[in-house]
Amino acid sequence: MKKETWRLVAHGRVQGVGYRAACADAADDLELGGWVRNRLDGTVEVMAHGTVRQLEALQAWMEQGPPAAQVTLVEVGPGEGEFAGFEFRPTI
């Protein structure tokens, strides 16, 4: 199957609630490659590489997030790169 890379940005109460770690676990469960990081503007940014079906599943998870999160929006757009494994990146 053809793979794509998407950039997803979660808005709302998504920092300090375990969102990044839970998102990385969800991405691992979906066998996606890529990374996740906090941004100084209070969002969480994800670059994910996989099939459209896998990416749509991650987007659906991100729209809900872990129980303590309150997600108001998940922006989705094209991303760059191909990744093996999923990692944490430093905050920017």
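Keep in mind that glycine also has a Cβ here, set from the backbone N, Cα and C atoms.
According to Swiss-Prot, the protein has these features:
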DOMAIN    5-90  domain 'Acylphosphatase-like'
ACT_SITE  R20  active site
ACT_SITE  N38  active site
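Residue counts for the domain 'Acylphosphatase-like' (5-90) under DSSP (helix as H, G, I; strand as E, B; rest coil) come to 24 helix, 34 strand, 28 coil. Within 10 Å of the C-beta of R20 (active site) there are 22 other C-beta atoms, taking all protein chains into account.
The two recorded residues, N38 (active site) and R20 (active site), show a Cα separation of 7 Å. N38 (active site) counts 19 other C-beta atoms within 10 Å of its own C-beta, drawing on all protein chains shown.
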